[in-house]
Amino acid sequence: MSQLRSGASAPRSPFPLLPLRTGVLFPGTVLTLPVGRPRSVALLNAVHAGDVIGVIAQRDPKREDPRREDLHDIGTFARVVDISRVSNGYRLVIEGLDRFALSALVETEPTWRAEGTLAPEFLGDAEEARLLAASLRERAREVGPKTGTNLAEIAATSRAEPGVFADQVAGALGLPTEKEMEVLSELRVVPRLQRVAGLLAEASALADLKKKIDGDVRRELGKGQREVILREQLRAIQKELAGGEEGEDELSALRRRLDEAGLPEEARAVADRELRRLESVGPQSAEHNVIRTYLEWIADLPWSARAEVKDDLDAVKAKLDEEHRGLDDVKRRILEHMAVLKLTGKARATILCFAGPPGVGKTSLGQSIADATGRPFVRISLGGVHDEAELRGHRRTYVGALPGRIVHALKKAKVKNPIVLLDEVDKLGAGWRGSPEAALLEVLDPEQNRTFVDHYLELPFDLSEVVFLCTVNDLGALSAPLRDRLEVIELSGYTPDEKIAIARSHLVPKQLKEHAIDPGSLSITDEALAAIVRDYTREAGVRQLGREIKKLCRAVALEIARAADGKAPRVVVEASDLGTYLGKVRFFSDVAERTSVAGVATGLAWTPVGGDILFIETSRMPGKGRVEITGQLGDVMKESAKAALTYVRSHAIELGVDTAKLEAEDLHIHVPAGGVPKDGPSAGVTMFTALTSLLSARRVRSDTAMTGECTLRGRVLPVGGIKSKVLAAHRAGIKRVVLPQKNARDAEEIPKEVRAELELIFVEDMSQVIAAALEEAPIEAAGTGGVTGAAAGEPAAAA
């Protein structure tokens with residue numbers, strides 16, 4: 001059995017082995033280390049204080065279960081000084097004794113055991129070793145205070161042999177594991193002393209350099225700026241290293257992102273300037289985060305990234321047909337627009353604007369176009385935006401400034417050629433902070449948006465490849481310059497048959513899925529869907545229809561959840577069952593009841609939520625020929641009433657009106673739903689008809705509605721919104737519609753199935769209106785005319 005330097009016997013092979021992840025135990029030194037690996041803990045449970053074990057360094061500190069090839073060849077026999085339990089494992093104190101050469105690992109469970117032999121050192125020239133040790137001792141006394149180590153204490157107190165003294169000095173230097181292993185593996189004493197002397201000289205030089213750097217930094221910066229000092233130290237170190245390599249820090253990562261962003265020349269120059277500013281300020285500076293956020297926005301924008309665009313028009317048409325019922329003219333115009341984009345390869349075409357009431361599919365059309373063409377789709381909601389900075393961004397001088405919604409949309413899209421939908425453009429407001437609608441003029445102008453400048457970025461960004469789409473409910477709310485930049489595609493609404501088809505193919509499956517109802521558990525008949533459309537909704541779109549179907553599904557889901565046997569019952573909803581699920585009928589066709597007396601006529605109006613019918617009521621009473629007009633009417637509508645009355649008075653004889661009574665009676669014209677503002681010229685024909693009916697005691701036909709502007713000479717002028725108005729008449733159960741002759745061309749836009757159920761009567765003058773709208777025989781005792789109420793809460797109407 002071999003003897004160790006301490007006089008103890010070397011352990012027999014195989015002996016317990018403790019691998020160290022980092023660091024080296026030198027002979028003659030004491031090491032305290034935490035122990036937590038299961039096999040290392042098992043070793044500590046098997047030994048006691050005073051036992052001798054082997055300690056060896058790992059080549060790879062990340063290796064959890066090292067094998068022979070993962071361990072160095074030279075280790076140290078160590079005496080266990082103390083073992084104590086701590087919160088996260090054990091703490092071991094060991095003392096290095098002698099080197100050993102590792103031969104093999106013979107056991108790995110439950111702990112490591114190894115075979116090895118004592119590795120004796122070779123003294124060589126004893127006098128040379130003594131002189132080298134003395135020199136090393138003096139040098140250690142000098143270097144110790146500079147390096148902040150206990151080298152001076154070791155030099156003063158150690159009486160070890162030259163080889164062990166070299167080990168003690170090497171252990172105190174705090175060297176990397178690789179350099180410590182170079183010393184441990186050197187079995188010749190003289191070369192070991194020489195190697196340690198060189199390492200001590202390097203440590204001294206590094207200490208001098210650090211002192212110089214600290215001095216340079218302190219001369220430039222005041223006391224207490226800890227973070228700035230650390231940063232300046234790093235810069236000074238990099239300066240002394242003259243180009244040394246370093247890992248990628250935050251600044252380097254930001255520089256790399258800017259390099260990869262493909263910035264144009266002007267943006268690149270600004271980014272480089274801001275990068276230099278960022279380098280010159282410390283993280284504690286208020287400007288640091290401002291500059292960094294600005295550079296991150298520049299790096300995140302798609303300056304050159306483009307989506308691969310699919311230009312298959314058949315695919316676009318198929319997608320539109322799949323997701324939208326009807327709207328044939330709308331789809332055709334969309335395809336024409338996409339064809340121009342395909343042929344020119346540019347998005348610098350007129351901006352499409354989908355105009356129509358809520359729920360007709362304006363927003364979803366944009367999504368369908370994006371899906372079919374492969375472009376990312378981004379929606380910007382503009383409803384209620386009153387600040388121009390919401391679109392253009394805030395200038396960086398403001399605290400918390402950020403880019404506007406246009407730049408946000410491009411960042412979200414990650415490409416410079418997305419489809420951007422500007423939703424509810426007509427809901428834009430204006431305030432003392434500027435007009436956001438005016439800011440849209442540059443965005444939507446193909447000649448100007450190539451150099452769009454956001455206030456925050458203050459850099460030109462090319463928007464010419466972006467396909468902008470807009471949606472509005474009321475075109476009249478747009479300014480003339482903005483309206484001029486848009487190509488309007490009107491979506492007037494759906495017919496009852498189209499609504500039923502949409503409900504069957506889209507709304508019902510969607511609600512069944514959302515309510516976790518098996519399609520086989522619920523069946524809604526076509527008659528029930530038709531009744532929902534007729535009796536529970538009165539809209540141009542299908543949004544309310546979707547809510548009613550959702551309500552029905554909730555009621556059915558309750559029945560299924562309450563099923564006693566746990567099996568889902570099959571529910572078939574008939575039209576007669578709707579009262580149980582949806583409550584009382586909400587809408588009735590009361591046109592006949594309202595027009596059953598003279599003096600009441602049915603008109604047609606356009607509102608931002610679609611077409612609607614309105615009633616013009618007139619009454620007369622003893623008086624002095626005065627006229628009262630009520631119903632919250634606008635100036636244009638009041639003038640239409642006066643013009644209609646003037647025509648009646650001037651043609652009283654041919655209309656069968658007693659002129660004497662006109663001077664002795666007051667007239668009252670009222671449009672119900674007085675809480676709703678109304679305006680527009682198209683109620684002129686309806687007011688004339690109501691007045692003529694009142695004064696001639698002839699009822700207006702209950703199945704007839706009308707629209708048109710009248711002149712003092714009795715001409716009927718064209719008006720707008722014909723398709724929406726006719727669809728509203730059809731929804732209300734009207735069978736005959738009187739329209740201006742010059743609106744005959746607009747009848748082509750009305751769906752064929754609606755035209756087949758309506759009689760459209762085109763007129764040029766008032767005499768034709770009277771012939772088409774009034775009954776032949778007068779009624780007895782015309783009285784004071786019919787006055788009935790109207791449903792409140794309807795949207796503002798343009799008559």
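The chain as shown is numbered from 1 upward.
Placement of Cβ uses the backbone N, Cα and C atoms for every residue, glycine included.
Listed features, source Swiss-Prot:
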type	residues	note
ACT_SITE	Ser682	active site
ACT_SITE	Lys725	active site
BINDING	Gly356, Pro357, Pro358, Gly359, Val360, Gly361, Lys362, Thr363	ATP binding site
DOMAIN	15-204	domain 'Lon N-terminal'
DOMAIN	595-776	domain 'Lon proteolytic'
>> I want the residues beyond Gly356, Pro357, Pro358, Gly359, Val360, Gly361, Lys362, Thr363 whose C-beta is within 8 angstroms of the mean position of the ATP site's C-beta atoms, in chain order.
In response: Phe354, Thr471, Asn473, Leu491, Ala540, Gly541, Arg543
> Quick one: mean pLDDT on the domain 'Lon N-terminal' (15-204)?
Replying inline: 87
> How big is the Cα-to-Cα gap, in Å, between Ser682 (active site) and Thr363 (ATP binding site)?
Replying inline: 30
> Just the number: how many Å between the Cα atoms of Lys725 (active site) and Pro357 (ATP binding site)?
Replying inline: 12
> If H, G and I count as helix, E and B as strand, and all else as coil, what does DSSP give for Lys362 (ATP binding site)?
Replying inline: helix
> Given the recorded positions Thr363, Ser682, which one is most crowded in terms of C-beta atoms within 10 angstroms?
Replying inline: Ser682
> For Gly356 (ATP binding site), what residues in its own chain, 6 or more apart in sequence, show a Cβ-Cβ distance under 8 Å?
Replying inline: Lys362, Asn473, Glu490, Leu491, Ser492, Gly493, Ala540, Gly541, Gly610
> Near Val360 (ATP binding site), how many other Cβ atoms are within 10 Å of its Cβ?
Replying inline: 29
> Counting other CB atoms within 10 A of each CB, which of the recorded positions Lys362, Lys725 comes out lowest?
Replying inline: Lys362
> So which of the binding-site residues is most packed in, judged by how many other Cβ atoms lie within 10 Å of its Cβ, out of Pro357, Pro358, Gly359, Gly361?
Replying inline: Gly361
